[in-house]
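TrEMBL annotations:
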BINDING   B:Gly168, B:Arg169, B:Ser170, B:Ile234  NADP(+) binding site
DOMAIN    B:6-121  domain 'Tetrahydrofolate dehydrogenase/cyclohydrolase catalytic'
DOMAIN    B:142-291  domain 'Tetrahydrofolate dehydrogenase/cyclohydrolase NAD(P)-binding'
2 protein chains.
Amino acid sequence: MTAERIDGKSIAADLRDKIAVEAKKLIDETKIVPGIAVVIVGEDPASKVYVASKGKAAKECNFHSVQHTLPEDTPEADLLVLIEKLNTDDAIHGILVQLPLPNHINESKVLNLIRPDKDVDGFHPINVGLLTAGERDKALVPCTPAGSLILAKRVLGNLSGKNAVVIGRSNIVGKPMAALLLAESCTVTIAHSRTKDLPEVVRGADIVVAAVGRPQMVKGDWIKEGACVIDVGINRIDAPERGEGKTRLVGDVDYDSAVERAGSITPVPGGVGPMTIALLMANTLTAARRAAGLSDLDFAALLAEVEAA
Amino acid sequence: MTAERIDGKSIAADLRDKIAVEAKKLIDETKIVPGIAVVIVGEDPASKVYVASKGKAAKECNFHSVQHTLPEDTPEADLLVLIEKLNTDDAIHGILVQLPLPNHINESKVLNLIRPDKDVDGFHPINVGLLTAGERDKALVPCTPAGSLILAKRVLGNLSGKNAVVIGRSNIVGKPMAALLLAESCTVTIAHSRTKDLPEVVRGADIVVAAVGRPQMVKGDWIKEGACVIDVGINRIDAPERGEGKTRLVGDVDYDSAVERAGSITPVPGGVGPMTIALLMANTLTAARRAAGLSDLDFAALLAEVEAA
């Protein structure tokens, strides 16, 4: 059996198209243009690539998009002043501070200052608390797990009663992923570096979400026959087979062996990654709609419409 | 093998003694008297019993304790005004609203109005978020799971790498219990009514926390030999063997069969229940200490001192 390849890149493109249409409707009906501010401090090359992708996606989605690029040695106080300004700027519905921040800046102090209703990354404690408490409709949900959930539901439909194993317990992916799967009525296990006999734990899973940041760690013989495998990892490894000094991207799952056992699997790149940016746009649209007193859209349902069309 | 019976009643009494000593020290050194306000709306007999126990414990702990008893038909607005008043009352460090509230009152609206630093029940979204994000030292943690964790750690010591299964996904017990066990580096599984083959899931657990509210649901043959069983349930069942119309309290675990398999087990009553009230006192002392700019006490370590003495 060879697994169905879950084409996150194409699904994310469909989602961005749908968001663009919905944003246009919002603008026509309310004159409110969804606005996102992306803040980047310093010159980290990977961060610059991510920020550029986010800006591009925002434009495709008909959003108002601004980027604040601050020098590496920006004092923390200056960054906090900028956040305060964006908090009270009515043209901005979503604020994203690109991580990591330079060492002299207290990351959680900055993130906790972002107004929860503009916290499109979903990292503010109050958004974490609302998601955990099952009040997703009041929260903004972290983008990577929200995108991963859409992929899993597209393949499996209703997730109720399925055994899900989340490998990794980060605040950005592992924990919110577990909260989302629990809200879908999965039996959820959170595994991590201290877990004993991880292969055996993974073998019990109908859904495996790998978010550890270790290249190709999850092997094919850990995967239950037919399971849905969501690979959140993005790791760069040497690829001498492509020529001297060449590298390539791989996930946390050993794709070549896992694809022979799984029922469905996300590739890296082109799986979860594009979904993360699409969900950032979805969160910004949600924040703008809530600011206008409108109810949330069901993005999974919007995607289903794309297919039916 | 017969399990060690975990004597929550006696451990809770030790903890209250220690809290009383620490409260006295705080009062002597800072003149700050830890103050708790308990609010009860209506005449529910069980609620009245709980509130009386809390008041008694507060007095034993040398706290300032006030009780606000409001009639069943109190308008929501009046209750909200009372909460606001307690929020700004410097003599009050902990506010507890006894649940359930009458149907005409929006429970989450009331609970979310309590200032997070006075939320000694730990139910405010920001406390939930901080606990989930691993920032326990900034949060107030729900009392029942915090007390359950102390019991498990007394028996097992370091919990790192142990398989823990939490049965039940309530916001009051199941979810915060899972967050606490994860922070102790357990591999944590959250099971619930939709879980398939619950007995098999429980059989993998070194630590079982049962919090479902179904009398004697967890059977002895579900328990792994030597596991630590924490029974959060308190259910009243008929006890015709005690005479006509008589009842008795049982947990969510079938004690008589589980005690033959487990390594340790909490009884009902006299297990987790008394710990809940002791941890409410601990949270109130923590809130008062934080208001005075003092660091948190390690209540588990204080208990260890009791034993060494």
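Keep in mind that glycine also has a Cβ here, set from the backbone N, Cα and C atoms.
Source: prediction; values computed, not measured.
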Exercise. If you count Cβ atoms within 10 Å of the Cβ of B:Ser170 (NADP(+) binding site), leaving out that atom itself, what do you get?
Worked result: 18
Exercise. Of these binding-site residues, B:Gly168, B:Arg169, B:Ile234, which scores lowest on Cβ atoms within 10 Å?
Worked result: B:Ile234
Exercise. Which value in Å gives the longest Cα to Cα span across the NADP(+) site residues B:Gly168, B:Arg169, B:Ser170, B:Ile234 as recorded?
Worked result: 16
Problem set entry | Against chain A, in sequence order - binding-site residues B:Gly168, B:Arg169, B:Ser170, B:Ile234 with Cβ under 8 Å | B:Arg169
Problem set entry | Stretch-averaged pLDDT - the domain 'Tetrahydrofolate dehydrogenase/cyclohydrolase NAD(P)-binding' (B:142-291) | 98
Seminar exercise, completed: The correct DSSP tally for the domain 'Tetrahydrofolate dehydrogenase/cyclohydrolase catalytic' (B:6-121) reads 61 helix, 18 strand, 37 coil
Problem set entry | the domain 'Tetrahydrofolate dehydrogenase/cyclohydrolase NAD(P)-binding' (B:142-291) - residue tally per DSSP class, helix then strand then coil | 60 helix, 30 strand, 60 coil
